[in-house]
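Taking it in order: structure first as structure tokens, then the write-up.
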Amino acid sequence: MIARTIVDVPAAQTDRLFDYIIPDHLEEIVRPGMRIVVPFGPRLIQGFVIEVVQESDVQKLKSIEEVLDPTPVLTDELLTLGEWLAEQTICFRISAYQAMLPAALKTAVTKELHLLTELNELHPYLQPLFKEKRTILWKDAVDALAGHLKHVRNALDQGQLAVHYVVKEKGKKKTEKWIKLADSADETKVKENAHKQRELLLYLKQQDKALRSQEVLSATKTTRANLKALIDKHLVVEWEQETYRDPLQGVEYKQTPALPLTDEQQQVFTPISESVLNNQSETFLLHGVTGSGKTEIYLQTIEQVLNQGKEAIMLVPEISLTPQIVARFKARFGDEVAVMHSGLSTGEKYDEWRRIHRSEVKVVVGARSAVFAPFSKLGLIIMDEEHEMSYKQEDMPRYHTKEVAIKRANYHQCPVILGSATPSLESYARAKKGVYTLLSLKHRVHNRPMPTVEIVDMREELRAGNRSMFSTSLMEALKTRLERKEQSVLFLNRRGYSTFVMCRDCGYVPQCEHCDISLTYHRSNHSLKCHYCGHEEAMPSVCPECEGEHIRFFGTGTQKVEEELTRVLPEARVIRMDVDTTRTKGAHQKLLDAFGHGEADILLGTQMIAKGLDFPNITLVGVLAADAMLHIPDFRSGERTFQLLEQVSGRAGRHEQPGEVLLQSYTPDHYSIQLVTEHNYEGFFDYEMAQRRTAEYPPYRFMALITVSDPDLPNVIEKSQKIADYLKRTMSKETVVLGPVVSPIARIKDRYRYQCMIKYKNEPRVIEALQQILRHYLRDTTQGNLQISLDMHPYFFM
DNA sequence: AGCACGCCGACT
DNA sequence: GTCGGCGTGCTC
């Protein structure tokens, strides 16, 4: 039998199947989707079995070295999905499969040197290496010998040394020690005066069941030595048992029953429920205003899926995967829920994955990668906040979670729910065309009103002589809230500003010497750092250009806002939430809890407070710079602005008291800001769609981004021009090929960057053409320094 | 991606 | 003559 295998070498030349003989004793074991270790050239590497066949065309076959899994880690569905993903995103198949599995399952291969003879027979030069052990790491030998590797070669030739390749799994299964009384316990073996041992024994007798060793020791206040004595006397047996790390250990969740649905919710629930019951692969777009109770619909739909004996995936953007949302799912579904997000350690992720893999849970709540959860009876996929950009993976494979979700739902014949208060134009357009089924929740639950939104023209403020970052209206509103003991949220949109450094005398801005990008000021060690390559330098005290002393960091950071806030409103208690204050584990939740308990009057924060925040006492939301990202040169900047403003507005007045929103802006007439005052998504959609149509942007067109880079500038220019020419020749007349132009970031890590963009509509051969380009420049990319990176349906144009 | 093989210059 | 530099090509 032959195992057709994808090997763990992410390179163009190895992106195909390699055949291996399945040894007789493994024939009953090896199945598609398992990880195996195979000889590849002179070394050992990991691979995935894709299929098992009878024969191979290859003459000289090698055998599988080792099987890593007792059961397949990839189902047939996921194997096929990986193939599709690799094709759609133009990446290596191995990269697609790796993306579907927790990092713990990725193996590392280490090369080792093993001593076969006696130490003194070895060349004196090599002897120190093997003084302590007979096996050393190859890497250590290279480091120690630096250029004198010929001695190793000689020793290898003479058979004194041997090279071993060791494949190690990264993830470890956690084990716990358990104990119980031995069947035939002869108590007379315990001496009279061994009180502690007797105590321990008595405790075990009373409990009369298997217990965790650790728990018994702490309950009886005895030490491991006492236990060890009993084990040695065969009075107690101890064994290791596999267990899971519990990221939510110690947290108790009260079971909560389903809430009654409002009429509007019921109208939305019915069609989804029918789709679930009829096993229909249908995509719903649930457009529900903030506070309309989308989550309750998700919960009740999932319940129905579970009642059918099926499983559900609940996707949320990483940023809103807070303990609050997790708690809500745990409270409804208890132990049937697994959680997957970046905050978990490698081991924790591995354990959650295993609980899914073994069908011990029925629901997974997770970010992007949870879409690959290895369920076999999938009954529903929900994608909350479907417009969020974090659903697009930015490194290989550059997939969009929505496309994967729909593909999987298709396979399992189950529905997908895309939920949002501000759907992406792509999704809403598809819903209007009837590709997705549009469902709307236009009202907040209990008929609570939407918050009133007012725009403050900051130009007028400036004209009136107010140079601070708080307008008069915002100050007044904040003061009122303080008097009424209500809470406020201040939102600072930092994107578009960053904490760059500038000389006030000559305008000089320090740039990274390897990347054409401004350096960012880091307060912690008073240094300047490059976000792209990590280059770091000291903050200059005088301007390197004009030697002026007025060089300082710019940009309105949250710290600066906080400083000014405490100056103008000294009586206000402020909680600041940004990357700095939420760096440590659990800090995020702590700050939110504190705010929820009324320990502060004002919550000041960045992006991260735009979502999921639900506190009854918030009656004011202030946005300091509503237009901050409007001027980013990206065709989606208007859409993002509207979405963000609508989301933050939604934080106000979610309960009894009505909410008020103040948007400070220098461009108050822009439609992305104006339409928020009416909470008019439809109006925004129509306006923005008209713009997209004229400019031929998505959703009217698809896009692909090709970035070419090389340390040699002329080569980049030449190759990107040739690529653009080729595309212009090959693509149909309707397709627009833009570029080549210099990338927005012209240089990263000393590599010059140019890019081309394709805007196309009906072009069945785009992927083929792009693959052809990669093939054509294979020499330049593998042997030269050229890099060509492809992004289908890009979200970032850097 | 590694790693070996092979061809060329530099040096014992 | 041999050692080691790097370009070229293969890995079931």
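A Cβ is built for glycine as well, from the same backbone N, Cα and C atoms used for every other residue.
Over in TrEMBL, the protein carries these features:
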BINDING   A:Cys503, A:Cys506, A:Cys543, A:Cys546  Zn(2+) 1 binding site
BINDING   A:Cys512, A:Cys515, A:Cys530, A:Cys533  Zn(2+) 2 binding site
DOMAIN    A:275-441  domain 'Helicase ATP-binding'
DOMAIN    A:538-692  domain 'Helicase C-terminal'
All-chain count of other Cβ atoms within 10 Å of A:Cys512 (Zn(2+) 2 binding site): 24
Euclidean distance between Cα atoms of A:Cys503 (Zn(2+) 1 binding site) and A:Cys530 (Zn(2+) 2 binding site), Å: 18
A:Cys503 (Zn(2+) 1 binding site) and A:Cys515 (Zn(2+) 2 binding site), distance between Cα atoms, whole Å: 20
Pairwise CA distance, A:Cys506 (Zn(2+) 1 binding site) versus A:Cys512 (Zn(2+) 2 binding site), rounded so that it is a whole Å: 18
A:Cys546 (Zn(2+) 1 binding site): secondary structure state under DSSP, collapsed to three categories: coil
Most crowded position, judged by CB atoms within 10 A, among A:Cys506, A:Cys515, A:Cys546 as binding-site residues: A:Cys515
Under 8 Å by Cβ from A:Cys543 (Zn(2+) 1 binding site), same chain, sequence gap 6 or more: A:Cys503, A:Asp505, A:Cys506, A:Tyr508, A:Glu549, A:His550, A:Ile551
In three-state DSSP terms, the structure that A:Cys515 (Zn(2+) 2 binding site) belongs to: coil
Model confidence over the domain 'Helicase ATP-binding' (A:275-441) (mean pLDDT, whole number): 93
Zn(2+) 1 site shell beyond A:Cys503, A:Cys506, A:Cys543, A:Cys546, criterion: Cβ within 8 Å of Cβ centroid: A:Arg504, A:Asp505, A:Gly507, A:Tyr508, A:Pro544, A:Glu545, A:Glu547, A:Gly548, A:His550, A:Ile551
